[in-house]
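**Student:** One structure, as structure tokens, below. Some questions next.
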Amino acid sequence: MTVTLRDAQREATRHRILDAATDLLIADGYSSLTTQSVQTAAGVSRGALLHHFPNMQELTAALVSNIVVRNEAAVRSAMSRQDPSVDTIENSISALYSALTQPPFQAELELWSAARTDPVLAEVLRESERVAGRDLQRVVHDAFGPEIVASENYSQIADLTVLMLRGLALSRAVHKSDASARRSISQWAGVVRLLLTQN
């Protein structure tokens, strides 16, 4: 199948709209996310925006997918910067935490928070998060590596790690220092090592 110039332009416009929406969400929060603000930020016509995303629900669903891609890139980038002299488990958990402190995850938190009082957004997120959950699981598997993934206790380790790290990332809104988070990560790495030795 040959990709035409028109197809490439369509895809570029779609990405520009999603990137603009993601950037708006990160910078100004969910309340600033309107079709008009996205259209202006993306520099596209109303028709182009509506061609790709006929309503806010479809835009939001695609936005979640775009955020997932950005979050995954943040994890991979954090993994590439880890100190090889540090324990592998602590490195993995630190890399995941580092990704959750980046703007894409903060955008995800914005959506979750807004969904508390917006039933339409909550339903869009429930649907989108089903797919995003599989992506998250794959990213966590990649971060921990095959040896840890093969452990009998891995699913509990992965689930608890994600929950703990989300809590730490959420607390950054109030506590700007990462010192407490780093201590918690180190302590959790110790617990993970214990869980890995239990069968």
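Backbone N, Cα and C define each Cβ position, glycine as well.
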**Student:** Between 34-53, 74-93, which stretch does TrEMBL give the note DNA-binding region?
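**Tutor:** Matching range for DNA-binding region: 34-53.
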**Student:** Could you pull the average pLDDT for the domain 'HTH tetR-type' (11-71)?
**Tutor:** 92
